[in-house]
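See below for the structure under consideration.
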Amino acid sequence: MGFSSELCSPQGHGAVQQMQEAELRLLEGMRKWMAQRVKSDREYAGLLHHMSLQDSGGQSWSSGPDSPVSQSWAEITSQTENLSRVLRQHAEDLNSGPLSKLSVLIRERQHLRKTYNEQWQQLQQELTKTHSQDIEKLKTQYRTLVRDSTQARRKYQEASKDKDRDKAKDKYVRSLWKLFAHHNRYVLGVRAAQLHHHHHHRFMLPGLLQSLQDLHEEMAGILKDILQEYLEISSLVQDDVASIHRELAAAAARIQPEFEYLGFLRQYGSTPDVPPCVTFDESLLEDGEQLEPGELQLNELTLESVQHTLTSVTDELAVATKEVLSRQEMVSQLQRELQSEEQNTHPRERVQLLSKRQMLQEAIQGLQIALCSQDKLQAQQELLQSKMEQLGTGEPPAVPLLQDDRHSTSSTEQEREGGRTPTLEILKSHFSGIFRPKFSIPPPLQLVPEVQKPLYEQLWYHGAIPRAEVAELLTHSGDFLVRESQGKQEYVLSVMWDGQPRHFIIQSSDNLYRLEGDGFPSIPLLITHLLSSQQPLTKKSGVVLFRAVPKDKWVLKHEDLVLGEQIGRGNFGEVFSGRLRADNTPVAVKSCRETLPPDLKAKFLQEARILKQYNHPNIVRLIGVCTQKQPIYIVMELVQGGDFLTFLRTEGARLRVKTLLQMVGDAAAGMEYLESKCCIHRDLAARNCLVTEKNVLKISDFGMSREEADGIYAASAGLRQVPVKWTAPEALNYGRYSSESDVWSFGILLWETFSLGASPYPNLTNQQTREFVEKGHRLPCPELCPDAVFRLMEQCWAYEPGQRPSFSIICQELHSIRKRHR
């Protein structure tokens, strides 16, 4: 019987929590009781000492000081003083010994309760996410894709004309590709969920409970030692008191840690209630495309997607394996240290080892989680690898429907097409091209001439802006804009003329727009005519249009964007690829979740407000913001190479040192520009830099950035969102951010670069990292790092901010190092 086999159910978890609360209350009662005993012994010793002082005047018997009575009394008073000293020493021994150790035990017990609850909640959340939420999401998407595929197939089969049939077939092939790819994701997700379920109920949860039982039993043994030490110190020599103490000692001796929780287990233990494991939902295949449950689809449509998935899973497996080895080494090291300390520690000092025992149990639990992740990735890799090995060097199987379509094409039709490449080959070429760039973006749109664009897309159309704001926008004679009249369904042409704004209502009748004279089918055509002909708007006013005043270039409408696939996820929401409808510019679109509170949405837009003012080749470029409706978007240039950290980890092995020097030089140039603008980034790291297809590095993610006139920003919030391992000591200790603190972060970025994406301060927690740095320690030199670059790193990590180099000096130094390096 044990926690791991009897308390795996939610009821068992509740019972454990109640037990921990009850035991903590008992320990607190013991501590108060012992403290009262110490206080009582001190007071009693003080009273005895006071009695001795009162008789120190040497009152003697009438027969003189040499009489037996006087000598006896003197001996009594002297021994009373000795007794007071003994009792006082006992009180101090109780305070520094059992009472102090009991306080440490209570503190460790509270920490154990907190750690256990956090780990149990984490395990349950991860199980729910992997086993339920992710699977349900995949199933919902699966059903949608099955419906889309079925509908596309029906339209394809019903199409009669060649043109319609080709178009329908193209849509059907696309739907098949999406369905097959998602089917593969669902198969991999189910396999991962099954393994996570297995690890959760076989290893991770039982391991957590076994660790808890081990620590509880160890603490029970320590409590036994504390009570025995207390009784030994407080024991007196009188027979009646000794008899009581023998009974108390016997009671303390009856404590047996290994049997301490048997009664608790008998009362609350139960058979583990393991819920059924997830399986492939075969109802999804009722209208499917001859798909097999639990089997990956490998054909001409999915070959490249399977290859890319295999590569990705293999890379993730390598990282997971490295993590497992690291955690195994940590567990072994802690076991060795604990064994050594146990040999050199008195049994009654075992309470001092509790924190290390808890560290060991936490490390073992972390190892179990890492092994679960490794097994999931291993299983997914084996599924993908076996499928690829079955294919061998041959061609992937054709999709049956498309294969039939090949045979149905008549020779006459082929001749009529003039030897054109078969449709399937064109489609295969199209699909293979999908995977060439880092991200896929929507296809180009057909561009529309400016004059043919609708009114709301015209740069000089400002919408329903207040009339008072018009006077601020129009500054020179002939400046104009078109706006919507407030409170009326009509459009107004506002023009600056003779030093004051003039407002002309655009007349509309018979679907024509005019001021005086000819009418035009649209307002853009009317404005284009007035601007090109330079004729007065009205004969009476003589006003002529010279220059259109554009609306804020950063303002975009949601309709201005064509969203593509999701390419990432940020702190505030998803990130998508996309295009601008106006000119087909590829963009990255950051979205803000609608459920976020207003203050977080304001922080989301903070990045856009910062970037509006900047224009530098090494700073990611802002294109616009969409704030007219939910969700809010920030639109930025699309940097195809992805983030710098992933780039280092995947491409670093083939990069030359000179290339790395060029890339960190780009980062330094961008930060020098920000420094000149009094901008403090506050979150400079490899993960927040982007890489173009030509290996140009750009600074990104300005969500934590601030602009301060004196170049210093004082943060008032806590450290919850602060990247501790990248942040300077003065920022962590006093909330003082400056360009000098960004220089410290740049030193960590240099270290990440030349360690090819390694994590700084591995195996250290955030608190341990702070203590490590405060003691004067710094990161070691990476293997590939030139000596001159490491010296620059050390300058960036000077403890005093004033001793760190500026970004201007860093740029010059990196440029010099790059010129010297061959």
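Every residue gets a Cβ built from N, Cα and C, even glycine.
Looking at Y172, Y230, Y491, Y713, Swiss-Prot tags one of them with phosphotyrosine, and that residue is Y713. When K553, K557, K590 are compared with the ATP site residues I567, G568, R569, G570, N571, F572, G573, E574, V575 in Swiss-Prot, the one appearing in that site is K590.
Across the fold, the C-alpha of G573 (ATP binding site) and the C-alpha of D683 (active site, proton acceptor) stand 18 Å from each other. Within 8 Å of the centroid defined by the CB atoms of I567, G568, R569, G570, N571, F572, G573, E574, V575, K590, the record's ATP site, lie the Cβ atoms of S591, excluding the listed residues themselves. For D683 (active site, proton acceptor), the spatially nearest entry among the binding-site residues R569, N571, V575 is N571, judged by CA separation. Here the domain 'Protein kinase' (561-818) has a mean pLDDT of 88 out of 100. Cβ neighbour count for I567 (ATP binding site): 19 (other Cβ atoms within 10 Å of its Cβ, all protein chains included). Sequence-distant contacts (6 or more apart, same chain, Cβ under 8 Å) of R569 (ATP binding site) comprise V575. V575 (ATP binding site) carries a strand DSSP state (E or B).
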